Amino acid sequence: MADDKDVLRDVWFGRIPTCFTLSQDEATEREAEPYYLLLPRVSYLTLVTDKVKKHFLKAMRTEDVEEMWFEYEGTPLKWHNPIGVLFDLHASNTVLPWSITVHFKNFPDSDLLHCPSNSVIEAHFMSSIKEADALKHKGQVVNDMQKKDHKQLWMGLQNDKFDQFWAMNRKLMEYPTEEGGFRYIPFRIYQTTSDRPFIQKLFRPVSPEGNTHTLGDLLKAMYPDALTNDGEQKRYQVVIHGIEPLLETPLQWLSEHLSHPDNFLHICVIPAPSD
Amino acid sequence: MPASLLWAVDVYGRVYSLSTAGQQWEQCRDAQMEFKRVTAAQQCCWGIACDNRIYLNVYASDLPIRYQEETYENQRWNPVDGFSDRLLPSDRWQWSDVTGLQHQPLDGFQLPSDSWEWEGDWYADENFEGEPTEKEGWTYAIDFPATYTKDKKWNSCVRRRRWLRYRRYKAMDSWAKIPSQETALPDPFSDISCGGWEISEEPRGRLSLWAVTLQGKVWFRDGIYHSSPEGSSWDDVSVPGEVIQISCGPGDLVWAVLWEGQLIVREGIGRDCPKGTSWAVVESPSPDVGAIHVAVGVSVVWAVTKDNKVWFRRGVNSHNPRGSGWISMVGEMITIDVGLNDQVWAVGCEDRAVYFRQGVTSSELSGKTWKAISVPRDGDRSHSSASAASLQSAGCFFSGEVCAPSGASDVESDAERGSVDGAGCPAAAASPGLSVEATADQTSEPPRPRIPKVTSDSFISELVSDREQRKPSRDAGAVAPAVLEVPGEGEDSVPPAGAALSPSQSGGPAGPQWSNVDLEEAQTQQGSTAGAVPDSADTSSLSSVATYTLAVEDPYGADEHPVWAWVSGGGCCVDSHSALSWFSSAGASSLVQSIQSMSLSVSPAQTAAWRRQIFEQLSERTKREMDNFRHYEQAIEQSVWVKKGTMQWWRDWKPHKWIDVHFALEQFSGPDGNKDGILFIYYNQHEEKKYLHAFVNEVTILVPVLNDSKHTFAIYTAERTRQRWPIRLAAATELEMHDWLALLSVSCCDSRALQGPPSKQAIWSITCKGDVFVSEPSAALEAVPYPTPCDQMFWRQVGGHLRVVECNSAGIVWGIGYDHTAWAHTGGYGGGFFQGLASSTDNIFTQTDVKSVYIYENQRWNPVTGYTSRGLPTDRYMWSDASGLHECTKTSTKPPSPQWAWVSDWSVDYGVSGGTDREGWQYAADFPASYHGYKTIKDFVRRRRWARKCKLTTTGPWQEVPPIPLSDVTILPCAAPSGVDVVPVWAISSKGDVLCRLGVTALTPAGSSWLHVGTDQPFKSVSIGAASQVWAVARDGSAFYRGSVSAQSPAGDCWYHIPSPAKQKLKQVSVGRTSVCAVDENGNLWYRQGVTPSYPQGSSWEHISNNVRKVSVGPLDQVWIIADKVQGSHSLSCGTVCHRLAVQPLEPKGQSWDYGIGGGWDHITVRGNAMEPARLRLPSLTGPSSLVPPGPPAVTDPEANGAAVGC
């Protein structure tokens, strides 16, 4: 019988096979081979693509190189969203490997944040954790941690150290038993059909009557269109980490087990494949 | 924690109980009568019914209450008749007690009450001091009284034999009347309180029961203990005034309230004098308002004054039972009760709800807030039909009553109104629904018979008028105690009432009221005098049931609150950590429940559905996204991860001492993908930096070590096990140590690719610290001739704290704590300090354990002052440990480790072997010597033992198997082919009863119930082997074989006595496939020769080894022991796991020992390991003895079980 712990491992060790190709627009000295890599779903693009950068730089002249950015079928990929979210949102139900185009010119300032160094990612990651903890525990847990504990979380993610990360992250996942869950569930709902970056509101894991809130309850409150009514054809898929949990899955459990390392539950609502 | 019960009585006299595991009040349907008061202990509940008699409800337990009656048949030899019953005139009776002084013919024995039945007929006992006697059970002697032997000699002139008969208490789980006093019954009882079970553990189940009569006298019930639950007689206790209420705590506190409002405190209560000696008076908390109610616990006293204010007494303990001062508390209550763990319960004055005092801890005995218990009563749930039922019964009860109009409108909101509606006009139903339900109810529950009243009105009137003449001043008392029409009410438990009147009220309107009022009387009186009470208007909101307006408003109003009159938490085991489901925030739990049941909320099956869906989808995702792309490069390269810290290290060279070191764990992925790591200990020696290291994959165990000041643990490798010299480290804080242990443990398990719960074959062991370890046996562990050496076994810790663990190869594991609590393994792993990933999420529960710490007070006699604490200069410390070598004073002695916390104060321990005098002293000629429990002229020194209890709270994959405390347990070692096959489990209760657990399967390892197996004497060890061979050891050191045990007859039919080895007393037995091994009290290991299927008792004991503390024989007949002393290359260890080598079918005794982990080990069980090794046939030239140090453990000193590791 599988244990809930296995879910954490599966989530952490989720990988997306990716093929990086250099954009046609880039001027190269010689032809650049595509580069294949297994990307961790829970990490960030700019954090795990040093190898990609090195690979393509070999084919380019230094003066042509500006900040690297990625694009999939015309959509610039926001590095500050976890890789799994980018994939689920833009490329699920497509053929693997995921084909990402690499650019070194014409950085789309209007679409993407700059990422000059890993410390920017770290700052973004840590601020997400703090925001999530503010929702879950009024920030008490993360504030009680020491600097080195924060570092341990970040280093765990950066070096893909599951044990190192979870040794600390479990503290962020604790809650008083009598309350039945966190204060609010840190979640973000992404959709392709809207210009809004994501939906994020206050939502409790347990109703005032003491009932457990489920994924379905959350969507009903936040994004009712995502739900399929009776007799209707399914229009949307609700995807977390590349899977579609049942709508009756308790939200608290999802938050504890299917959150990304930034402690947010990233939920992608994507159009159901037409076939 | 097992479920326990909170008892309460409502104003109608109905008795309810609420289980700590439950969510509704269960009505005690069995009670034929209305009750006034109840007082509960953990094993029973006492009550006063409306007939003013005392009733007892003993909870059914798997362990029957049996009492052994015995009498002796005496005969004398004469030349004519041989032995005959013709005795000399100077002789004892022909049938007598053991002393011969009491005439006791067989037919002179009567059942003490209707609650008992005989189990069988008289039979002659054929067991004499552990030895079987001749057929008829005679023992012989030269003359009466003398030393008896079982053999007839030439000079045996007299003989006697013992006849036994058992009687059994049959009135379990029902209210049985306590038999009337042989002499005139003390006058009718009005209050009752039981407690005192902590004063002394002997005899088992002892209780003190205090009762107050209507006349204000106090009586003490003598002789209550486990096999005499009803007690024997009432003892009068003189009191300085007239008592109205009394409260007895679990310990030695007894307080009572006098009519005048003062309190009295019983002093001199102790083990030898549970009745106490004298009373001391304590003034009422408030100078103007007298106390009306008091409740005491172990070291707390709570009181309620007549104005319903609640008070807490400061500074109460057993040395100062009077305490030091009163503190006023928030809340208005009518009664209050202190239960176990000094938890406090009360009935609210305003709403009559039962309140629980939250936040009561040993450090904050006064708690924090009152919280109302809001659970429905059985039948009340989700609809008002049940309340209609209660209305109906109330209606019957009050039918014909004239209800007085109420003067105040604030009663409108009171919940009791609904009841009154029903009560006042049961026929004129408020709504159609109500009447339908009421009718339906009548069919299911016949109307209650009218309650007979015991006290005659004239009697009461007399009493009252008498009282008023003598105490006119009481009339000035601020508030008149109220009267309730329900006979099951005590006056002090009722708020001041206006309209409700008692007969005596005609004599003085505001006078104190007598509570035990005949109903009819009350009704008539009420009609005539209602409204005559001056303060009726402002107190009417508090007034009792029957006085409310008839206004019919909301027929469902009665649902809101049950109306309570009395509560008793004496048997309710909760503490401030208990998670109780009794408090629904909205106060409408029934509503919540109905909503839940309607909205089809998460059921277990559905839970499984969504969870299964996630598991399945994740594994599909892995297939989809990763399986075809494994050859792709990983984005993140693995690197080394280092964790560093500082610790102290017990250095390897002399002089040994703790030195500061830096500690580092480097972890990396090995070439095969396995994780691995290295431990480094960096230290300075002679100004030079050096380090010591150990490979994580070579570490065999991480053991927390007992140390009263440092947080220490030991790290062993195979080599260090052979040296008996582990790496000993101490962390700065407990938390730090646990973090390190958890991390190192995960690292070790990773390096060996071990995860998840222990396998069914696992070998379990326990250290003397109570920590639980498991080892996964390798396939070659039992191989002959090349077994895996014991010192290479890897042990990992499992949460929990145990003294005994037993398992079988079906994965059923039971444990027993130091406090004898039985635990069943839940199949989980981790717990304790293992958190997060090293622990399963489910199946981990809180576990507590309690043990005693002992110190000795030593004194020497001198001619001037007698015994004093002034010893000779050469003497031991006057306060010391058992050896006398270490000074241990009451203040300096700490709990065994920082995990333990004191939960009691020091008290003299009388249960020392050898006996003590009344003050607990044992005498001897000199230190150290053998002590005896009485003083002789040659005794110059004496000592006594003091005990103090400490408690540990941890978590682990264990669930309690209540309620019987155990001392030994055994599980049939053969593998069960399926999860539903019943597996025999036998146990010995802590009192020596033999028990057989029914319903144990791999799926329900805790089983369902105990079956009691009769024995003639207490037992201490039991073991069941293949083919249902059950062997047991009695307390007298002899062995028994249980005949005819089978699946059909799980308890077998009779015991066959097996004499112990010559001059040895056995203490433990273990049975494997065919082998039976036993250990005696001198540390010898014996093998039972000649055991065959046709003659399972075997023929004789053969000696295997000495220095053995415990043995475990497995399903392959493998023999493992805990050895007392094993010499390693650096040190000696005590309590070492050893494995018998070269055990083969034709050589079941084996040849030599292989030494494993230790010292400091207390227990091992290999009964799960049924893995047959691959058979290898080799010439025995390369005997296994070459693998190990030669010979059995060499040291023969049976003393000193202290652990080499100090753990």
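The backbone N, Cα and C atoms fix where each Cβ goes, glycine too.
TrEMBL labels come from automatic prediction, so no person has curated them.
The structure displayed is predicted, hence computed values, not measured ones.
Of the listed segments B:748-767, B:828-847, B:1008-1027, B:1188-1207, TrEMBL assigns region 'Disordered' to B:1188-1207. The DSSP breakdown of the domain 'PH' (B:641-751) into helical (H, G, I), extended (E, B) and coil residues amounts to 27 helix, 60 strand, 24 coil.
Away from its own ends, the domain 'Peroxin/Ferlin' (B:920-953) comes close to residues 577, 770, 801, 846-861, 867, 875-876, 883-884, 890, 893, 895-896, 899-910, 912, 914 of its chain (Cβ-Cβ under 8 Å, at least six residues beyond either end).
Across the domain 'Peroxin/Ferlin' (B:848-909), mean pLDDT in this model comes to 83. When the domain 'Peroxin/Ferlin' (B:137-170) is classified with DSSP, helix, strand and coil residues number 0 helix, 16 strand, 18 coil. The domain 'Peroxin/Ferlin' (B:64-125): residue composition by secondary structure is 3 helix, 24 strand, 35 coil, according to DSSP.
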